[in-house]
Structure formats: C-alpha cells, structure tokens
Amino acid sequence: MLGIYLDKFCAGLRILLGVMMGTLAIPVAMQVVSRYTGLIPTYLWTEELATFLFVWIVMIGSIVAVWDGTHFDVRITRNAMRPLPRLLQDGIVHVAIMIFGAFFLLYGIEYTEFGGNQRSVMMRANLAITHISVPIAGGFWFLLSGYRLSETIAKYLNRESSQT
C-alpha cells in the first residue's frame, strides 16, 4: 500500500522535473542570447536562477533515481543468481543509501541554517532556498531506500518459504 503512494509521489516528482527543466531553459536561453548577440542586456540574475533551479533538479532527480534503483548502485561483483547472495548485494546497497541519507538529513539541517544567514549576490534571495534541498533529499533517500530494503527482505523470505 505504501509502495503505491510512493510510486505516485515519484511520478509527481518526474512531472515536476519536466516543468523545472523547461523553466531552466528560459534563463539559460537568455544568457546565451545576451552573451553572443547583444540583443538583450546581460542579466546576472539569470545565472543565479539557473543555478538555483539546477540544484533542485539534481536533488529531486536523485530522489527519483533512488526510487527507481538507478542511483548509488555500483556492482563490484557479478549479479548474484541465488537468493541469499542477491539479498546481501541489494541489502548492502540499500543500507549504504540509508546511511548517506541519514547523514545528509542530519548535517543538511545545519547546512540549511548556515545558508539561511546568507543572501545571493544579484537576486538577494536567501540561500536556504537551495540549501534546504540537501536534508529533504537525504530524508527521502532514507525513506525510499528503507522501503526498498523491506521489499528486498520480503522477496527473499517469500522465496525461502516457497522453496520449503
């Protein structure tokens, strides 16, 4: 049941990513046109806006990638075919993501507080706008990886019970 909600949540994040990528194209296009043609003045705020959007795109994209199982997964051995080695391979990856997620969540809060005391140069925006993406992403990495770990364990236990 929780998996259905998480899947819909990540589908919503994919839509948000598409909107953000389209939005990112606007300030980047303005930068290119202003630098190479001189048709419009060079606006420095477009660079800051593009940076802010890019940070959020990366962090939201990493959340979706953790859900899809395509992020942080480096195999140093061949894919295991037997259930127990497969559980260990996948379990280690999920636990590692959970550890990093907890680290990003806990230390990201302090990082956000640090950013909250600063302002961007051109737009004068509070930098907590981008810094808050770190603990948010870490929290979702922890949650989504924990759910995937529970799925992996349940899959292993179901295989074991069906074989006996």
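The backbone N, Cα and C atoms fix where each Cβ goes, and this holds for glycine too.
Annotated in TrEMBL:
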DOMAIN    25-152  domain 'Tripartite ATP-independent periplasmic transporters DctQ component'
TRANSMEM  12-30  transmembrane segment
TRANSMEM  50-70  transmembrane segment
TRANSMEM  91-109  transmembrane segment
TRANSMEM  129-149  transmembrane segment
Taken over the domain 'Tripartite ATP-independent periplasmic transporters DctQ component' (25-152), the predicted model's pLDDT averages 92
The correct DSSP tally for the domain 'Tripartite ATP-independent periplasmic transporters DctQ component' (25-152) reads 94 helix, 2 strand, 32 coil
